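To start, the structure under review is shown below, and the notes come after it.
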Amino acid sequence: MRPSGDEDRARRRRRRRRRRDLLLSQLCFLASVALLLWSLSSLREQKELDLMDLVGEDRKWMMARKLMQVNDTLTSEDAGLRNSKNCTEPALHEFPNDIFTNEDRRQGAVVLHVLCAIYMFYALAIVCDDFFVPSLEKICERLHLSEDVAGATFMAAGSSAPELFTSVIGVFITKGDVGVGTIVGSAVFNILCIIGVCGLFAGQVVALSSWCLLRDSIYYTLSVIALIVFIYDEKVSWWESLVLVLMYLIYIVIMKYNACIHQCFERRTKGAGNMVNGLANNAEIDDSSNCDATVVLLKKANFHRKASVIMVDELLSAYPHQLSFSEAGLRIMITSHFPPKTRLSMASRMLINERQRLINSRAYTNGESEVAIKIPIKHTVENGTGPSSAPDRGVNGTRRDDVVAEAGNETENENEDNENDEEEEEDEDDDEGPYTPFDTPSGKLETVKWAFTWPLSFVLYFTVPNCNKPRWEKWFMVTFASSTLWIAAFSYMMVWMVTIIGYTLGIPDVIMGITFLAAGTSVPDCMASLIVARQGMGDMAVSNSIGSNVFDILIGLGLPWALQTLAVDYGSYIRLNSRGLIYSVGLLLASVFVTVFGVHLNKWQLDKKLGCGCLLLYGVFLCFSIMTEFNVFTFVNLPMCGDH
């Protein structure tokens, strides 16, 4: 049976707490990105010294043609100003004045802006994980949404809130490419870097399901193709932005009927000999197993060794086995003809018996959970065992009764261990959530973290009610509204600091979005996916990384564009400053094909080999995108205007 709602919420809270504990690794990663950007700024300054001498007459002619195309859509006054400057107005002028001058920042004050940006990344992760997402969970419960629809709507908005607000700021405030760059960079990061990190550090080979990956990848590919078509002319109209939003509504409908579509997909692929992963990578399973449910259960148990609950109901309904008299009696007593108390008791007993059968079956596999041997297994009932035939023997001649007895003892010990683990986890959940400003944790490292996050904890403690706590549970709408405001504020501060850093170092806004902003907003999701992959749930890690990209492109870009062109200034266009974005989005499309093709060649398994390949491709994407934006291959960007 599926875990209850309380167990789901407890598991999600533990996952969020573990993400918070990975603060040090997140800071180290962002520091390395900042060091990379500093190196790029040095190369940028060296290149700009003799830029006009190196480009030659052909490059000057291309720049003039670029200016003529832009001036066609500007007023005469703006065109004259743009023509006289031969540069792009920096987005820094759309923000309040900085307390430091550009010279002060070049002398070292920019480090303070880097630290502030990193702190904003962490603040966004805390607000999203501990306040925004729990409030969305409460909303989904009140609306009685299915898991698929809730995941495609509210949960996607919760995980992609920083990217969405960054895009809103890029459209309405900076009027530049920082939002588009962040969405594109975050999308590539989610596909290549997250899958690469999960493959390298999961600690095990994780099997992937073809259905989730193909479903999200196909629709994601259509979304990227639509984005390429719409931004090819460097402007987006109102109907193009509306198409993106409508495509996401279609995606929600697909998720609503995901189960029916999945069944059709399984019926088409089942004839090819695929039972679990949707492809013929399970040929090593012996044909004599006849796709028995034991195979599925054992294969699933291989990745959930410590789980106290296994979803046996769906697997047994899909792959039924011959029932004994006692089993049939238990199943009859869970129907609506009996009182609720009896139904609950019989359902619990049936699940215990099915788990007993799973453990007993594992005793005959000689440690190989990939192969199941079809031997009729006795099921323990309340006062004894069911009817049995002559004593059966295992594959090594061991008497079956002895093995069953040993397996029963192991089951009892395992259940006791699981109960103890659950009690410990429940005790830990009492202390879950963000740090409180008035309770100092124990341990030096925890104290340092508490001191580092004290200003953030102090502000959030008095402004955002924690709906995870029973006394604030009914205030989830207040939590939703206040956390949304804080996400908007932190996103504004984050984009402001990153814009200052890019202007000081001479790096275009789109590059800052593709690298620094994309990494900063996606590192928490990367850590969460790694935790999920270590638990053996590779499908969830990969599906979440690709599914969130669908939201980023269709809603993260489509919604702000639609608001600007339909509500704020009807009939206007969203203009892109950088022609290089079309190349970056093209690389994004290529990364989807390469990733799915690589997973297929790797027999739908997530391992270190696949992880290294994905990380290598991510490095290639960064290098190519940065060199393109710096006009190394062809002219795509006007230089950024200086102070004077």
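Just so it is clear, glycine is given a Cβ too, placed from its N, Cα and C backbone atoms.
Record check of Asn86, Asn409 in Swiss-Prot: the feature N-linked glycosylation site is attached to Asn86.
Per Swiss-Prot, Asn544 and Ile574 occupy opposite sides of the membrane [differing topological domain names].
From Asn71, Asn396, the position flagged in Swiss-Prot as N-linked glycosylation site is Asn71. Listed as Cβ neighbours of the transmembrane segment (235-255) (distance under 8 Å, sequence separation of 6 or more from its ends, same chain) are residues 148-149, 151-153, 215, 219, 222-223, 226-227, 261, 550-551, 553-555, 557-559, 561-562, 564-566, 570-576. The average pLDDT computed for the repeat 'Alpha-1' (149-189) is 82. Among residues of the same chain six or more beyond the topological domain 'Cytoplasmic' (602-615), those with a C-beta under 8 A of the stretch's C-beta atoms are 191-193, 195-202, 205-210, 277-279, 281, 533, 538, 541-542, 595. Applying DSSP to the repeat 'Alpha-1' (149-189) sorts its residues as follows: 36 helix, 0 strand, 5 coil.
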